[in-house]
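A.B. asks: Here it is, the structure, as structure tokens.
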Amino acid sequence: MRQLEEQCAENISMAPRYAPSLRSRLAPLLLFLQLGFIVIYAFYTEFQSGVKVDGKTLSNIYPVFQDVNVMVILGFGFLGTFLVRYGFSASAFNLLVAVIATQWAIILNGIEPYNRKIRLDLRSLVDAEMCTASALISIGAVLGKTNPVHLILISLLEVFGFILNKWVIQTLLGTLPLNSIMLLHIFGAFFGLTLTWMLYRKGSEQRFEKEKSDRNTGLFSMLGTLFIWMFWPSFNSILVDDRIPARKLGAVCSTYLALAVSAVTAAAVSLLSSPKGKLNLTHMQSCILAGGVAVGVSISVVHQPWEAMIIGFIAAVVSTIGHRYLKIHMLLAFQCHDTCAVLSTHGLPGLLGWLAHLILLIKDCDDHTTAIRFAVFHICTLLSTLSLSLSMGLITGLLLKWNFLRTPQDRKCFDDQAFWEFPHVTLYK
């Protein structure tokens with residue numbers, strides 16, 4: 001009885017340590033950002049006039065916009081709920097970060113030297129949400145080890161870096177908008193890896209006390225995977241030029257085939273790599289998405305069903321093996337504690353998609369000089385993306401190490417009680 005009372009007293013005494021941090025830092029930051037966005041939107045934005053949006057009627061583009069919205073809010077939100085004591089934070093902070101990052105991305109995407117107003121339409125919302133997806137990927141690497149103030153700063157800096165990279169490769173290298181924005185997987189993954197390396201905690205080699213999952217949280221996380229899996233064809237095809245209907249149809253079919261093959265392959269590789277010959281739910285939650293990542297990066301040059309299927313097959317093999325073996329080696333060798341294994345889920349499949357893009361691009365070229373020119377520009381695109389993602393990750397990591405931002409203690413990592421009210425469990429640690 002005395003031990004229970006002491007434990008209760010300890011928990012109660014610890015509560016004020018976190019409440020002032022959120023009250024004095026998070027609330028002013030949220031209000032400052034939102035009021036700032038309102039002022040900017042009041043003076044510098046307007047709705048796009050006209051019945052059509054980029055030649056498309058509202059009824060045609062709105063359902064696809066909703067598909068992307070479901071992926072970003074529900075898909076990523078539920079996907080991060082696999083941690084036993086971090087479900088509230090993973091889902092709610094995902095929404096908070098997404099809406100702030102989307103408003104920020106609309107402003108950055110809309111800046112043009114010859115236009116005084118930023119014009120809003122469904123296309124600009126889709127572009128902004130896809131930029132936001134890159135930030136959500138990065139946050140997966142540090143999930144559970146940061147506070148909400150950290151997450152908001154990460155999203156603002158990551159979205160800025162990604163849009164800057166998009167502008168650089170489009171302006172200087174002539175990259176198509178579709179190809180530049182689909183690099184979000186590579187940018188987000190390596191930004192997140194750099195960030196988690198900068199925020200490394202001593203003792204991370206030993207699993208955190210609350211870094212675990214159970215059947216219920218695994219089920220919710222699998223629900224997020226299903227949302228992403230179902231709507232990924234819309235995500236990969238919405239920016240494809242549909243003046244030639246066959247191109248958009250090809251993008252939808254290629255994405256579905258790549259996802260289907262990666263689901264089957266991930267299950268097989270998971271069984272083969274398991275000492276007990278059983279399926280691993282983590283592999284099914286993440287690796288079945290690898291085909292969608294890889295084919296999305298190369299979607300503009302995938303013209304045959306078998307090409308998409310081969311890309312999905314190889315992506316699933318690489319992703320599943322990475323989940324099984326690479327995550328722990330990255331921690332031990334490079335001190336990168338990657339909570340959601342974004343390297344295996346987005347980074348490696350993204351690089352595979354980039355390589356497939358290069359190979360298919362060269363295959364379709366009849367002139368060797370043109371092929372070499374395309375290859376050089378394609379390699380420069382990757383180097384620019386990696387350079388900016390790594391440098392922005394370093395800058396963000398240095399900022400987040402500032403003591404003023406109150407990084408959570410090790411024993412409060414992966415714990416909702418640091419940020420949420422739980423009056424019915426105050427007696428438990």
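A Cβ is built for glycine as well, from the same backbone N, Cα and C atoms used for every other residue.
These numbers come from a predicted model, not from an experiment.
As annotated by TrEMBL, domain 'Ammonium transporter AmtB-like' applies to 42-402. Residues annotated as transmembrane segment in TrEMBL: 26-44, 64-84, 91-111, 151-169, 181-199, 219-235, 255-272, 284-302, 308-326, 338-362, 374-400.
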A.B. asks: Between the stretches 64-84, 91-111, 181-199, 255-272, 308-326, which wins on the count of C-beta pairs under 8 angstroms to the transmembrane segment (26-44)?
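C.D. replies: By Cβ pairs under 8 Å, 91-111 leads among 64-84, 91-111, 181-199, 255-272, 308-326.
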A.B. asks: Let me spell it out: take the transmembrane segment (308-326), skip the flanking residues so only those 6+ beyond its ends count, and list any with a Cβ under 8 Å from a Cβ in it.
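C.D. replies: For the transmembrane segment (308-326), the list is 253-255, 257-266, 269-270, 273, 280, 282-283, 286-288, 290-291, 293-295, 298, 302, 341, 343-345, 348-349, 352-353, 356.
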A.B. asks: Taking the transmembrane segment (151-169) as the first stretch and the transmembrane segment (219-235) as the second, find out whether 3 or more Cβ pairs fall under 8 Å, excluding pairs closer than 6 in sequence.
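C.D. replies: No, the transmembrane segment (151-169) and the transmembrane segment (219-235) are not in contact.
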A.B. asks: To the transmembrane segment (64-84), which of 91-111, 181-199, 219-235, 374-400 is linked by the most Cβ pairs under 8 Å?
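C.D. replies: Comparing 91-111, 181-199, 219-235, 374-400 against the transmembrane segment (64-84), the winner is 219-235.
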A.B. asks: Against which stretches of its own chain does the transmembrane segment (181-199) lie, if we need a Cβ under 8 Å and a gap of at least six residues from its ends?
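C.D. replies: Distant contacts of the transmembrane segment (181-199): 127, 130-131, 133-142, 145-146, 154, 158, 161-162, 165-166, 169, 236, 239, 293, 296-297, 299, 330, 334-339, 342-343, 345-347, 349-351, 353-354, 381-382, 385-386, 388-390, 392-394, 396-398, 400-401, 407.
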A.B. asks: Considering every residue in the domain 'Ammonium transporter AmtB-like' (42-402), what is the mean pLDDT value?
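C.D. replies: Mean pLDDT for the domain 'Ammonium transporter AmtB-like' (42-402): 90.
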A.B. asks: Sort out the residues at least 6 away from either end of the transmembrane segment (284-302), same chain, that have Cβ-Cβ distances under 8 Å to it, and list them.
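C.D. replies: Distant Cβ neighbours of the transmembrane segment (284-302) are 79, 82, 176, 178-179, 182-183, 185-186, 218, 221-222, 224-225, 228-229, 232, 235-237, 240, 250-251, 254-255, 258-263, 266-267, 269-270, 308, 311-316, 318-320, 323, 340-341, 344-346, 348-350, 352-354, 356-357, 360-361, 364.
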